Amino acid sequence: RCAGRLEVLWKQQWGTVCDDGWDLSDAMVVCRQLDCGEALSSPGSAHFGQGTGFIWLDDMNCTGTEADLSACRTRPWGEHNCNHEEDAGVVCSGNSDLCPSPCDPRRLCHVDRPSEIKKPIKLQLVNGSSRCAGRVEVLYGQQWGTICDDHWDIIDAEVVCRQLGCG
């Protein structure tokens with residue numbers, strides 16, 4: 001989840017980012033926003049394959065210190081002179097394997113023993129219409145299992161969606 005073609009959600013539609021002006025400073029913001037560690041590279045030219053549909057952002061100009069892409073200078077959303085052969089990508093270090101201590105409430109974490117570092121729970125959604133819908137399963141040991149729905153609510157679902165990069 002910490003490397004691939006960059007897609008952003010705007011007006012309830014996913015779209016890509018054009019590689020015009022795309023550089024490591026822009027990738028730094030994305031990696032920080034995704035909690036994926038440091039930016040290692042910012043490949044362009046649809047390195048991770050061409051997207052389809054909308055191209056939402058073009059001429060990105062981040063300093064690298066912004067909290068998220070919406071704070072960066074860019075053309076207005078939806079205005080571009082690109083095609084999907086110019087889709088931007090990101091490769092982050094992915095050092096988000098450890099949750100902050102105390103455990104960040106935005107991420108599901110578990111502790112086998114109190115003295116251990118809190119680690120993120122590996123999640124997947126199965127039997128849904130997309131990778132962002134379905135029954136929640138967690139990996140424990142080497143085996144996938146389900147979560148009981150007792151006390152399960154929208155707040156829990158939001159954490160799962162955020163951890164899976166599904167909005």
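Every residue, even glycine, has its Cβ placed from backbone N, Cα and C.
Some features that TrEMBL has for this protein:
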DISULFID  Cys18-Cys82  disulfide bond
DISULFID  Cys31-Cys92  disulfide bond
DISULFID  Cys62-Cys72  disulfide bond
DOMAIN    1-93  domain 'SRCR'
DOMAIN    123-167  domain 'SRCR'
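Within 10 Å of the C-beta of Cys72 (disulfide bond) we count 19 further C-beta atoms, all protein chains included. Each of the disulfide-bonded residues Cys31, Cys62, Cys82, Cys92 was ranked by the number of other C-beta atoms within 10 Å, and first place falls to Cys31. Predicted-model confidence for the domain 'SRCR' (1-93) is 91, expressed as mean pLDDT. Between the alpha carbons (Cα) of Cys72 (disulfide bond) and Cys31 (disulfide bond) lies a span of roughly 14 Å. Applying an 8 A CB threshold to same-chain residues 6+ apart, the list for Cys18 (disulfide bond) reads Ile55, Leu57, Asp58, Asp59, Met60, His80, Asn81, Cys82, Glu86, Asp87, Ala88.
Each residue in the domain 'SRCR' (1-93) gets a DSSP state, and the totals come to 16 helix, 27 strand, 50 coil.
A separation of roughly 13 Å, to the nearest angstrom, links the Cα atoms of Cys62 (disulfide bond) and Cys31 (disulfide bond).
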